[in-house]
Amino acid sequence: MAGDMKVLNALDSAKTQWYHFTAIIIAGMGFFTDAYDLFCISLVTKLLGRIYYHVDGSSKPGSLPPNVSAAVNGVAFCGTLAGQLFFGWLGDKMGRKKVYGMTLMLMCICSIASGLSFGREPTTVLATLCFFRFWLGFGIGGDYPLSATIMSEYANKKTRGAFIAAVFAMQGFGILAGGIFAIVVSAAFEASFKAPAYEVDALGSTVPQADYVWRIILMVGALPALLTYYWRMKMPETARYTALVAKNVQQATADMEKVMQVEIGTEKKDPTVSANTNVKSSNEFGLFTKQFLSRHGLHLLGTTSTWFLLDIAYYSQNLFQKDIFSAIGWIPAAKTMNAIEEVYKIARAQTLIALCSTVPGYWFTVFLIDRIGRFTIQMLGFSMMTVFMFALAIPYNHWTHPGNHIGFVVLYSLTFFFANFGPNATTFVVPAEIFPARLRSTCHGISAASGKLGAMVGAFGFLYLAQPQDKTKADAGYPAGIGVRNSLIVLGVVNLLGTILTTLVPESKGKSLEEISKENDDSSEAGAEEENHSSDNRTFLV
């Protein structure tokens, strides 16, 4: 079979061309929409609380009850987890291209539908919103394994890590775009519809037009993805799927010759060789087999466990943003602002954090991943996150005193930086490289779903865990927890476990996908048996 794979060798050794950058943009728009939506929902929930849960006579603006807030924020995570498993499996069964358009269209439709959530009562509006956000998450989930797999199978082996990381780094631009657009929309509405602060006029602080703000912000996220739909449909199936899974080497060659605009050459096969391909197919083990367990069991354990632990730490960090922003004066007390002004202030603060730490971290990974390797970046990222988390936790009382907030923000930002210049990127890249083509999308989907399970633990488990130990000081509706300091210590231990389990993940820098996944072993076994049948039966290239 090695002779049949001339097209794969051509892909591995291809120079960086325009089609590589086109593929990054086309694949990355799904992640742009993903980050845009997840970023904006934190702004939306504040506004929804003021609009639909206002309590007459209350000293504080309305806010979503804990169970409603958890539903609005968590239902997309549930959809994403389901989508990662389902579309990951489907991508290996039907092909990457056939499934790819489904996920994007689902994301676009549900983004728009989320903004059109209807109902006269708060419960009906939010129930409709949750319904569409589940299916939005389902589409987003499918984009994880498919985008990563397509990019890895299109890329050359020299810059493959950078290309996959660049697709993931589009999340950074999605976060920035979400923040900037929220700033623009809220500023425009604030200028057009003046309103007093909540403490001056509780009812008048939320103008009726505020209901349009959150709808517009959610719906606009669909536009970039919608604009790339045509190009996503024009992409041919990846050569590796066509050649290795669909067993059509000549079609794979023709597709890549068109994409790369080079002459690769076709193979002329002896009929005897075709008959002997059954020998190779006996080595094509499935996911639930002893062969997979012996070859890739530890690899799958490594990718799932590190992604799970990373997302616990990554998503739980968002819990501390409101305290940090309030402490350093970036966000005043809610009662001193009107509803639209609060959206503006929160969007401005979160955009600054994204610009200073999140986005640079992504692109450090893009530029260095093929130079220093995935293993080094992931180990460095987890290690530094551990150090910074303990540095925040152990002297936590010191950071809460006036004048020490800037130091807290610096350490907090560095934690985010090393998450993105570290495991947040590499846990996405590696599962797309180390598994066989016939199981690549499925295994990436399983790894990503494990991460999303960790995100639920981080976002919701720590929401309860980080509550003060004194129940009288806990947020309304929440039981007593272990406090922020102890929660930070737990997160430090989580990151330390991530550092240890990174040792299960192999380095894939500079190797072909077939070499990493040991699909060449299958070929060599088949080839050896083929030669035993007849030394004259060869595949010649013309």
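Glycine is no exception: its Cβ is also placed from the backbone N, Cα and C atoms.
Under the heading transmembrane segment, TrEMBL lists 21-48, 68-87, 99-118, 124-141, 162-189, 212-231, 352-369, 375-394, 406-425, 445-466, 487-505. The domain 'Major facilitator superfamily (MFS) profile' annotation in TrEMBL covers 23-510. Look at TrEMBL and you will find 511-521 tagged as compositional bias 'Basic and acidic residues'. According to TrEMBL, the region 'Disordered' annotation covers 511-542.
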Positions whose Cβ lies under 8 angstroms from the transmembrane segment (487-505), at least six residues beyond its ends: 298-299, 301-303, 305-306, 309-310, 312-313, 316-317, 374-375, 378-379, 382-383, 385-386, 389-390, 392-394, 396, 423, 430, 434, 462, 465-466, 481
Dominant neighbour of the transmembrane segment (352-369) in 99-118, 124-141, 162-189, 375-394, 445-466, by Cβ pairs under 8 Å: 162-189
Tally of residues which DSSP labels helix, strand or coil - the compositional bias 'Basic and acidic residues' (511-521): 8 helix, 0 strand, 3 coil
